[in-house]
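Following: one structure in structure tokens, then a few remarks.
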Amino acid sequence: IIYPGTLWCGHGNVSSGPNELGRFKHTDACCRTHDMCPDVMSAGESKHGLTNTASHTRLSCDCDDTFYDCLKNSGDKISSYFVGKMYFNLIDTKCYKLEHPVTGCGERTEGRCLRYTVDKSKPKAYQWFDLRKY
């Protein structure tokens, strides 16, 4: 399913090429960049010492953070709002990044950790992290 007025926002894309964007160009450009993230983990794939047990692809936190910021700064306020709500709030997903071992959660909201506590005395390793709410 692709969000109306876009070619890249949803499962896959329906564009005829990498330069084609839908009516909501700003939102679509955010989705296109997100779709082209160089560090992704498909469902069932193992990478960086982690296994994606979700039924959908998960991305590096860098790519998800860039997507979040892009949507927030989009000129297409309504479409970016709905795409952001769908991806960050409705899909229960996580991202991964290289960080010192997580020891707990310093701040939590709506079941998601907003601020992690880490053990800086130990080496960094790839771990799963909750996405921010949109």
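Yeah, the Cβs are placed from backbone N, Cα and C, and that goes for glycine too.
Shown in sequence order, TRP8, LEU59, CYS63, ASP64, THR66, PHE67, CYS70 are the residues of the chain, 6+ apart in sequence, with a C-beta less than 8 angstroms from the C-beta of HIS34 (active site). Reduced to three states, the DSSP call for HIS34 (active site) is helix. Residues or ranges marked as active site in Swiss-Prot (evidence: sequence analysis): HIS34 (among others).
In the three-state DSSP assignment, the secondary structure recorded for ASP64 (active site) is helix. ASP64 (active site) counts 23 other C-beta atoms within 10 Å of its own C-beta, drawing on all protein chains shown. For ASP64 (among others), the entry in Swiss-Prot reads active site.
GLY12 (Ca(2+) binding site) carries neither a helix nor a strand DSSP state and counts as coil. Annotation comment: Swiss-Prot describes TRP8, GLY10, GLY12, ASP35 as Ca(2+) binding site, evidence class similarity to another entry.
Annotation comment: Swiss-Prot describes CYS9-CYS31 (among others) as disulfide bond, evidence class similarity to another entry. Non-local neighbourhood of CYS9 (disulfide bond): ILE2, TYR3, THR27, ASP28, CYS30, CYS31, SER79, VAL83, each in the same chain, at least six residues away, with C-beta under 8 Å from its C-beta.
Per Swiss-Prot, the feature disulfide bond maps to CYS30-CYS70 (among others); the stated evidence is similarity to another entry.
The local packing around CYS37 (disulfide bond), expressed as other Cβ atoms within 10 Å of its Cβ over all shown chains, amounts to 15. The disulfide bond feature in Swiss-Prot is assigned to CYS37-CYS63 (among others).
Listed in sequence order, the residues of the same chain lying 6 or more apart from CYS61 (disulfide bond) and placing their CB within less than 8 Å of its CB are CYS95, TYR96, LYS97, PHE129. The disulfide bond annotation in Swiss-Prot covers CYS61-CYS95 (among others) and is backed by similarity to another entry.
The 10 Å shell around the Cβ of CYS113 (disulfide bond) contains 15 further Cβ atoms across the protein chains shown. Here Swiss-Prot flags CYS105-CYS113 (among others) as disulfide bond.
The Cβ of ASN13 (N-linked glycosylation site) has ILE2, LEU7, CYS31, ARG32, ASP35 as same-chain neighbours under 8 Å, each 6 or more residues away in sequence. Summarising the annotation, Swiss-Prot assigns N-linked glycosylation site to ASN13.
Under the three-state DSSP scheme, CYS105 (disulfide bond) falls in the strand class. Here the disulfide-bonded residues are CYS30, CYS63, CYS105, and the one ringed by the most other CB atoms within 10 angstroms is CYS30. Using a 10 Å radius centred on the Cβ of GLY12 (Ca(2+) binding site) and all shown protein chains, the other Cβ atoms total 10. Considering only the disulfide-bonded residues CYS37, CYS105, CYS113, GLY12 (Ca(2+) binding site) has CYS37 as its nearest partner by CA-CA distance.
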